[in-house]
Amino acid sequence: MNGDVTVREAMTRDYVGVSESDSVVETAALLLDEDLAGAIVLRGQDPIGMVTARDVLSWLVHDGDDEGTVGECMTENVPTIAPEKSIEAAVDELFARSATQLLVVDATGEPVGVLTQRDVVAATTLSPGEEATDREVDSARMERMEADGEGGGGFSEQGICERCGALASDLTSFNGQLLCADCRDV
């Protein structure tokens, strides 16, 4: 994982807030329209809970009451994290709380954004700059081999990609498999 990425860098600054008196059905429609996994339940400006699509679905299936309010189906303890925390700390908190998102709050307790599982995945993937650096290292290694007489005209070290079966000289171990550059990018 990318250890130097903070929650502030990965979080979504905009979040959807709903009131505890809002209708469950209206909140479900809002979550669908905005393509969200959940919303923060606010009393004034203070976060008092979280309602997820799963909460709404469970409420509608088990209680069958489409006249219910968000306050009746929300999760009261809002999982929070500080913006200066690392992504690793956020992942630990997500797993510990079995949460799909964390409310990011500043030192005064004011909400400043939301960190979702999608945000974490996006923050932990390799950036194009890192990928280019790996290619530059491989190019430099090939040039050095050719200069030493190891690369030109003789045998070269190649192997078979364990995912696609292609013969490649740049296999890298990824999740226990030797993969070519094309399969690593997928």
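Don't overthink the numbers, they just go from 1 along the chain as shown.
From the backbone N, Cα and C atoms, a Cβ is placed for every residue, glycine too.
Keep in mind that TrEMBL annotations are predicted by a computer and have not been checked by a curator.
Taken from TrEMBL, the feature Fe cation binding site covers Cys161, Cys164, Cys180, Cys183. Within the same chain, residues at least 6 positions away in sequence whose Cβ sits under 8 Å from that of Cys180 (Fe cation binding site) are Cys161, Arg163, Cys164, Ala166, Ala168, Asp170, Leu171.
Residues or ranges marked as Zn(2+) binding site in TrEMBL: Cys161, Cys164, Cys180, Cys183.
Look at TrEMBL and you will find 11-67 (among others) tagged as domain 'CBS'.
The domain 'CBS' annotation in TrEMBL covers 74-131 (among others).
Here TrEMBL flags 156-186 as domain 'ACP-type MB'. Per-residue pLDDT, averaged along the domain 'ACP-type MB' (156-186), amounts to 80 for this model.
Within 8 Å of the centroid defined by the CB atoms of Cys161, Cys164, Cys180, Cys183, the record's Zn(2+) site, lie the Cβ atoms of Glu162, Arg163, Gly165, Ala166, Ala168, Leu171, Leu179, Ala181, Asp182, Arg184, excluding the listed residues themselves. Classification of Cys180 (Fe cation binding site) by DSSP places it in coil, neither helical nor stranded.
The Cβ of Cys183 (Fe cation binding site) lies under 8 Å from the Cβ of Cys161, Arg163, Cys164, Phe174, each of which sits 6+ residues away along the same chain. Here the Cβ of Cys164 (Fe cation binding site) has 12 other Cβ atoms within 10 Å, regardless of which shown protein chain they belong to. Cys161 (Fe cation binding site): 20 other CB atoms within 10 A of its CB, across all protein chains.
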